[in-house]
Every structure is written in structure tokens, then in C-alpha cells.
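First the structure, in the form of C-alpha cells, and then the observations on it.
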């Protein structure tokens, strides 16, 4: 029986769970304009973010918009942004602003802020 020994850094390169979360992650700030309050937009955002494997937060603003930050794999972030641009059926999205941000280490959940 032949056993192949992997050096620690070899294993790190092959197993994404052993890599730094910041090496594959992307974080964005987003602000959604339109008829987005009173239509469960924050909870829609949370559901979609969790489905995309993202962490971050979402909240209503005093100006009538919804804003937040989302972090995770680039495909998940892009998927969430597409969902936000469409919104839930009761919403009417007029504009979606987005801005890249630095990744936040240690974040584990996606939460609705008040």
C-alpha cells in the first residue's frame, strides 16, 4: 500500500475550506430605491442572501430606501444583486446602487437591522 503525504500548504491549495475566507470573498454595499418599504423587502433580501450563501445585513433607511452589505463568493453576491434589482412581487425597484467594499472577517450571519 502506497501512501502519499501532502504538505500542509498543498492541502490548503486544494481544499477551499482551509483557505482564508477573504481570498475568495467579495463584499458590496447596496442601496435599493423605489417602492421598497412596507413590502417585506428586507426579509426577501435576507432569504435570498442566505440562499446564495452570503453574510451581511439589510435595513430600512429614513429616506424610504433599503440598504445593506453582502459578502461571500462572487457568484452569490452577483446573484443577490440580480434578485435585489428585481425585488419581491409587491415591490417596485427604480434603482439599485452598489459599491465594492473590503471584506469583513468573522461575519457568520445575514441579519435584518432595525
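Cβ from N, Cα, C; glycine included.
Feature annotations, reproduced from TrEMBL:
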type     : residues : note
REGION   : 1-20     : region 'Disordered'
COMPBIAS : 7-17     : compositional bias 'Basic and acidic residues'
DOMAIN   : 27-114   : domain 'Acylphosphatase-like'
ACT_SITE : 42       : active site
ACT_SITE : 60       : active site
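In this structure, residue 60 (active site) is part of a beta strand by DSSP. Residue counts for the domain 'Acylphosphatase-like' (27-114) under DSSP, split into helix (H, G, I), strand (E, B) and coil, are 24 helix, 36 strand, 28 coil. Residue 60 (active site) sits 7 Å from residue 42 (active site), taking the Cα positions as reference. In the predicted model, residues of the domain 'Acylphosphatase-like' (27-114) average a pLDDT of 98.
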